[in-house]
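What TrEMBL annotates here:
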DOMAIN    14-481  domain 'Major facilitator superfamily (MFS) profile'
TRANSMEM  7-27  transmembrane segment
TRANSMEM  59-82  transmembrane segment
TRANSMEM  94-114  transmembrane segment
TRANSMEM  120-137  transmembrane segment
TRANSMEM  149-171  transmembrane segment
TRANSMEM  183-203  transmembrane segment
TRANSMEM  278-301  transmembrane segment
TRANSMEM  313-336  transmembrane segment
TRANSMEM  343-363  transmembrane segment
TRANSMEM  383-404  transmembrane segment
TRANSMEM  416-437  transmembrane segment
TRANSMEM  457-476  transmembrane segment
Amino acid sequence: MSSVEALSPYGWLVVAWITAIPFGYGYHISVLNQLHSVLACESSLIPNNLPTCFELDDFTFSAVTSVFNLGGLLGSAQANVLMEKFGRRGTARISALFTALGSAIMCLSGNVSLLGIGRFLTGIGSGIGICLAPLYIAEVAPKSIASTLGVLTQLGIVLGIFFTQLLGVYFSSPDAGPNAWRLVLFFSFVVALIQVFMTGFMVESPRYLRSKSLRAGDEARAIERRIWLHDVGVGGDPAASPLLDERDPEAHPAAPHGNFSALTASQTLFNPPADVRLPLLIVCCAMVGQQFSGINAVLYYSNDILSQALPELGKYVSLGITVVNVIMTFPPILLIEKLGRKPLLFFSVAGAFISLTVLGMSLNFAGAAASTGPTAWTTVSSVFIIFFVMSFAIGLGPVPFVMISEVAPFYAVSSLSTIALSLNWLTNFSVSLLFLPLRNLLSGGAPGDPHHDPGKIGRVFWVFAAILALVMSVVWRKWKV
């Protein structure tokens, strides 16, 4: 049997094609935040029936922003059904179509309602796609580099965030023109449309084909020969494929095919088979820990904090953080096989826990001294925001996506992916919704309230640190690798 250590050039094209989905997800996570300054205004001019901006108060803007998470929750809840009915490739086309349609509506929106509808549709596309992408990458990758390629999901997300920040810095400036912000959304439409047209030239997942019919083995091996650098197996023995393991139907030719029929998400959640219960617990805890680390809250709050420490560079603060995020996504690509998934995850958790603890303390001290202007504690806060983002990027970001296909038996992977990513969207929405109210509660009231104590504004990050430590302790004890 010849070994398979790498993808062919066509195999890399396939991986790049599917990575466009997490790229779009990351792009739309932050696109409105970056454009907020030019989207919101007290009154709008209407050249050619397209307003230059919208009358958006804070509540309306938050609602339009959050509807992306609701669309994502709906899309991820249906991802398992779509993946089993239309296959991995067909589901990718559906995801890209939703993203393209939503981006087009946002780009051409003439009122806030259309902007929200477009964002909801992009959320559905992202919800479907973020369930699909890590699964598809794991199924087309040679086993020897599957974990390394699995990091590409997180890399796609952070690159999407980076590009929207990069484009937003220019297209949200007055020099770019009154309606230039629409080009940022048009870019997303073009990327999604290219992915739709490329789908016809891509291949179906070989592991998915085997799961549907043992007679599909020849077609699956032909796909593997096309996307990998070496032929697979010897003498047509399916079990010789380096991609196959005990989770693949074809690796057990004596077993009835019916034993490998895919579970639905409801079966996996409410009546899981014995060999699915532990993977369900591990993956759900990992996803909760990823979002309740407070990463989105930290990124939301960082602009205000770092702008105090670096007032002359406030416009570029968010862009700089995304650059750090992108750079720190590359070490896991090199380290995930050498150190292993579990050690890498918990180095990341330890760094994030320390960062959140110190960040909360430094914000309290900085808040208490806020009347005197920026202090050394403001700088400490800035440093530990960056350290937190670095810690998150090396493990908490990529590993929960990678582990789904590794801890679960194959027949439960797509349903477990749907449950895990639905939970990810739900916790993401909860954090974005509860962060400011929780911060105000723990500090005695909102800024401006007579009971507000600025020396307590960092306490909310201690809550994130405690939740992170709690759920990740379950993963540490239960995850055997």
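Cβ atoms are placed via backbone N, Cα and C, with glycine included.
Predicted automatically and left uncurated, TrEMBL annotations should be read as such.
Values in this document were obtained by computation on a predicted structure and should not be read as measured data.
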Does the transmembrane segment (149-171) reach the transmembrane segment (457-476) with at least 3 CB pairs under 8 A, where each pair is 6 or more residues apart? no
Same chain only, please: residues at least 6 beyond the ends of the transmembrane segment (120-137) with a C-beta under 8 Å from a C-beta of the stretch. Say none if there are none. 15, 18-19, 21-22, 24-25, 28, 67-80, 82-83, 88, 91-92, 94-103, 105-106, 146, 149-150, 152-153, 156, 188, 192, 205, 401-402, 404-405, 413-414, 417-418, 421-422, 424-425
Excluding the flanking five residues on each side, which residues at least 6 beyond the ends of the transmembrane segment (457-476) place their CB within less than 8 Å of a CB in that stretch? 281-282, 285-286, 288-289, 292-294, 297-298, 342, 345-346, 349, 352-353, 356-357, 359-364, 367, 435, 438-439, 442-443
At a Cβ cut-off of 8 Å, and with pairs 6 or more apart in sequence only, do we get at least 3 pairs between the transmembrane segment (416-437) and the transmembrane segment (59-82), yes or no? yes
Result, the transmembrane segment (383-404) in contact with the transmembrane segment (278-301) (3+ CB pairs under 8 Å): yes
Residues from the same chain, set at least six apart from the ends of the transmembrane segment (383-404), whose C-beta lies under 8 A from its own: 134-135, 138, 147, 150-151, 153-155, 157-158, 282-283, 286-287, 289-290, 293, 295, 298-299, 301-302, 305-306, 321, 324-325, 328-329, 331-332, 335-336, 341, 344-352, 354-356, 358-359, 362, 413, 416-417, 420, 424, 479
Which residues of the same chain, at least 6 past either end of the transmembrane segment (183-203), have a Cβ under 8 Å from a Cβ in it? 14, 17-18, 20-21, 23-24, 27-28, 31, 34-35, 89, 92-93, 96-97, 99-100, 103-104, 106-107, 118, 122, 125, 140, 163-164, 167-168, 171-172, 223, 226-227
